[in-house]
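What follows is a set of notes on a single structure, which appears directly below.
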Number of protein chains: 2
Amino acid sequence: MDEFALIRRYFHHRQGEDVVLGPGDDAALLSPPAGEQLVMTLDTSVAGRHFPEDMPAADIGYRCLAVNLSDLAAMGATPRWFLLSLTLPQADPDWLRDFSAGLFELADQAGISLVGGDVTRGPLNIAIQATGSVLPGRALRRDGARPGQTLAVTGAPGLGGLGLRHWRAGMRDSQSARHFARPRPALEWGAALAGRAGAALDVSDGLLQDLGHILSASGDLGAELVLADLPVNDELAALEAEDRWALQLSGGDDYGLLFTWPAGVAVPEGARAIGRITDGGGVQLHYPDGRVSDAEPGGWRHF
Amino acid sequence: MDEFALIRRYFHHRQGEDVVLGPGDDAALLSPPAGEQLVMTLDTSVAGRHFPEDMPAADIGYRCLAVNLSDLAAMGATPRWFLLSLTLPQADPDWLRDFSAGLFELADQAGISLVGGDVTRGPLNIAIQATGSVLPGRALRRDGARPGQTLAVTGAPGLGGLGLRHWRAGMRDSQSARHFARPRPALEWGAALAGRAGAALDVSDGLLQDLGHILSASGDLGAELVLADLPVNDELAALEAEDRWALQLSGGDDYGLLFTWPAGVAVPEGARAIGRITDGGGVQLHYPDGRVSDAEPGGWRHF
């Protein structure tokens, strides 16, 4: 099967009304929503680095789109269109069928249309570029934190890291492992926080490293982080404290949102306040026994 | 150097005024031109498949952007923004310096801003997603050919194929080899033809295969192609006729535009009429000795 036949067979799917021309021409032709800004991200997933070599193709398809939608969520954007570039060692029909099923399962849930891309031969590499839109002035940025604001999260930091551990140990039906294989992009949260939160991003590199991104983008601010306030699921709660803290602070692949919120105002229901922004001094970790210590930002290294 | 430092060092570059927020947040934030449609393409280049393993990094950077800009040109779009996903076996400072220099040389010429992307580790793989804009109704599409229209090209089909041959033979300063290493996207031609040509695309897979795309998209049309009318440079002119025809008809990497034009109207100066669209019967090749024969569409296979 050549590239064109393969794309027709596995990657033609229903599209939104804002798609004038989808796959099949030199490029896609799209009608952007009038008066909105565009939000664009491009993230590549490499087998063995961003997902396990033995992950089922349907999970790979779901997951590669999810990490891009998570970036749109972190900006408060509404998903519109995505393009997919698939580099494959060979054109395996079963793999392609499953991959595209997982991909479109999430695309349909999120209301995003596949409008183009390419398929080529080489070591497995999956690049997805996703575009969303947001009203001017409402995008969630990393540089909007201010001293005194409350620090809050959605989801449970550490869940992705525990999920990867479970996956490697063969416990692939645990809640954490399912979260690792199919993270849910926090699109509803992004929409709810847009225009309201101070700063926001998605927790993909580990809580401390991502908090560091907010603090440096907002001008060398600091933060207090209360470990006992970090939300957990049963599987995280069952761990020894030191082990749990390491996952909560430095595990990646969580894909909840970390955001700041006006001081003295309750955070939206379902999110959790976990500390506050200070005007410098790095990140102070508050332990349940009253101990306070400096944290070194760190987490998943991409390169 | 981690991913973030590497991006700051090699990939922060001046940006257009329509970039609200460039690299550094979860996603880029952009102001689209009011009342225009968007044109989006994503093309991946794999070492050893889309460019020779030993191509200088500056040429790789230039070329990977050029093939995407060529898709924007083929739609008649004005370039706006691009995102780059770079998968690298290692972070070699010399390679990155040269790659980004070649990339930004063309980006600056074309007036397109790098607004995001990622860098990750793995076998060399370069994905670029480029976005342009075009006024509604003016985009150049593949499905606009009609019987009787003139068939025309810009550039010289076969130049890319001859350039690859020269490159492999070590003749890297020939005009064709330079064209192969640094193809010029036909952006001015795209702008000049937008809203005027019938159908158009860029010749990337070989003239016959790309002509086949126009004919099938426009409804199983046919074409007459006059071989003596194909434009040549001195290097193509010096070849034996059979050898030249093979390159002209099936070589890839030309990146001129192939378009259709109203019957009886002279094609714009600098383009060349090479035949006409018929209402079926495949593609008829007209040889200089008066012979006419059927052509089988064929060319570069991506997969």
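Backbone N, Cα and C define each Cβ position, glycine as well.
Taken from TrEMBL, the feature Mg(2+) 3 binding site applies to A:ASP26, A:ASP71, A:ASP202. Under DSSP, A:ASP26 (Mg(2+) 3 binding site) is assigned to coil, being neither helix nor strand in the three-state scheme.
The Mg(2+) 4 binding site annotation in TrEMBL covers A:ASP26, A:THR41, A:ASP71.
Here TrEMBL flags A:ASP43, A:ASP71 as Mg(2+) 2 binding site. Cβ neighbour count for A:ASP71 (Mg(2+) 3 binding site) (all protein chains, 10 Å cutoff from its Cβ): 27.
Taken from TrEMBL, the feature Mg(2+) 1 binding site covers A:ASP43, A:ASP118. A:ASP43 (Mg(2+) 2 binding site) falls within a strand segment according to DSSP. Sequence-distant contacts of A:ASP43 (Mg(2+) 2 binding site), defined as residues of its own chain at least six apart whose C-beta falls under 8 angstroms from its C-beta, comprise A:CYS64, A:VAL67, A:ASN68, A:ASP71, A:ALA127, A:ILE128.
Cβ-based neighbour count (10 Å, all protein chains) for A:HIS50 (substrate binding site) stands at 22. Sequence annotations record features per position, and here TrEMBL assigns substrate binding site to A:HIS50, A:ASP253, A:TRP300.
The ATP binding site annotation in TrEMBL covers A:GLY117, A:ASP118, A:ARG142, A:SER204. Using a 10 Å radius centred on the Cβ of A:SER204 (ATP binding site) and all shown protein chains, the other Cβ atoms total 23.
What TrEMBL lists as Mg(2+) 5 binding site is A:ASP205.
If you look up TrEMBL, you'll see A:24-133 marked as domain 'PurM-like N-terminal'.
Across the residues the record lists as binding ATP (A:GLY117, A:ASP118, A:ARG142, A:SER204), the two Cα atoms farthest apart are 32 Å from each other. Chain B comes within the C-beta cut-off of under 8 angstroms for the following of the binding-site residues A:ASP26, A:THR41, A:ARG142, A:ASP205: A:ASP26, A:THR41, A:ARG142. The local packing around A:ASP118 (Mg(2+) 1 binding site), expressed as other Cβ atoms within 10 Å of its Cβ over all shown chains, amounts to 21. Mean pLDDT for the domain 'PurM-like N-terminal' (A:24-133) in this predicted model: 95. The two recorded residues A:ASP26 (Mg(2+) 3 binding site) and A:GLY117 (ATP binding site) have their Cα atoms spaced 10 Å from each other.
In sequence order, A:SER70, A:ASP71, A:ALA73, A:ALA74, A:PRO185, A:ALA186, A:ASP210, A:ASP254, A:TYR255, A:GLY256, A:LEU257, A:LEU258 are the residues near A:ASP202 (Mg(2+) 3 binding site), counting only same-chain partners six or more apart with C-beta under 8 A. You'll find the Cα of A:GLY117 (ATP binding site) roughly 25 Å from the Cα of A:ASP253 (substrate binding site).
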